[in-house]
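Positions annotated as heme b 1 binding site by Swiss-Prot, on the basis of similarity to another entry: His18, His159. For His52, His145, the entry in Swiss-Prot reads heme b 2 binding site, with the evidence type similarity to another entry. Annotation source Swiss-Prot lists topological domain 'Cytoplasmic' at 1-15, 76-91, 165-188. What Swiss-Prot records for 37-54, 113-143 is topological domain 'Periplasmic', and it gives a curator's inference as the kind of evidence. What Swiss-Prot lists as transmembrane segment is 16-36, 55-75, 92-112, 144-164.
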Amino acid sequence: MSFTNTPERYGVISAAFHWLSAIIVYGMFALGLWMVTLSYYDGWYHKAPELHKSIGILLMMGLVIRVLWRVISPPPGPLPSYSPMTRLAARAGHLALYLLLFAIGISGYLISTADGKPISVFGWFDVPATLADAGAQADFAGALHFWLAWSVVVLSVMHGFMALKHHFIDKDDTLKRMLGKSSSDYGV
């Protein structure tokens, strides 16, 4: 398996970004759902949001690097067996996932910095606040963050089901390419 993408398959770096992002996004979603259930006296009441913020900032940084990687090492093109509608749906779905992830990160940043304080990322560095005393900002961003998170989870589940559909029903190599396998549709 190559480090970079080829016309036939995704490389190690793209596959690692893909699967690591999925694990982190689902973990962050679970953490977010759990932390809103905590009472003020729970030991994790302050720790969980700090963890969520730190991982969220690192995820955003990783997302920027991932987008740059797509420019440096473009993903394989669509399989020849894809219909025009499948090609359009795949492009729209991938674009929507990226836009949702960026919007979740931005809304999380707005929630976290509404009090004018920077976000400490595991004590390694701080991300400065750009706006101060924006209580309404936090409320709006919080509602947006919630619905965007649910949207990315629903869309990513659909993304996974489509990969399984391609693998088990269409019997093409869509899923195999993300796992670093050769695509028989390309005669490899």
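Quick reminder: no glycine exception, Cβ is built from N, Cα and C everywhere.
Among residues of the same chain six or more beyond the topological domain 'Periplasmic' (113-143), those with a C-beta under 8 A of the stretch's C-beta atoms are 50, 53-54, 57-58, 107. Look at the binding-site residues His18, His52 and count other Cβ atoms within 10 Å of each Cβ; His18 has the fewest. A gap of 22 Å separates the Cα atoms of His18 (heme b 1 binding site) and His145 (heme b 2 binding site).
Sequence-distant contacts of the topological domain 'Periplasmic' (37-54) (same chain, six or more residues past either end, CB-CB distance under 8 Å): 28, 31, 108, 112, 119-122.
Neighbour counts of Cβ atoms within 10 Å were compared across the binding-site residues His145, His159; the minimum falls on His159. The CA atom of His145 (heme b 2 binding site) is located 21 Å away from the CA atom of His159 (heme b 1 binding site). Per-residue pLDDT, averaged along the topological domain 'Cytoplasmic' (165-188), amounts to 79 for this model.
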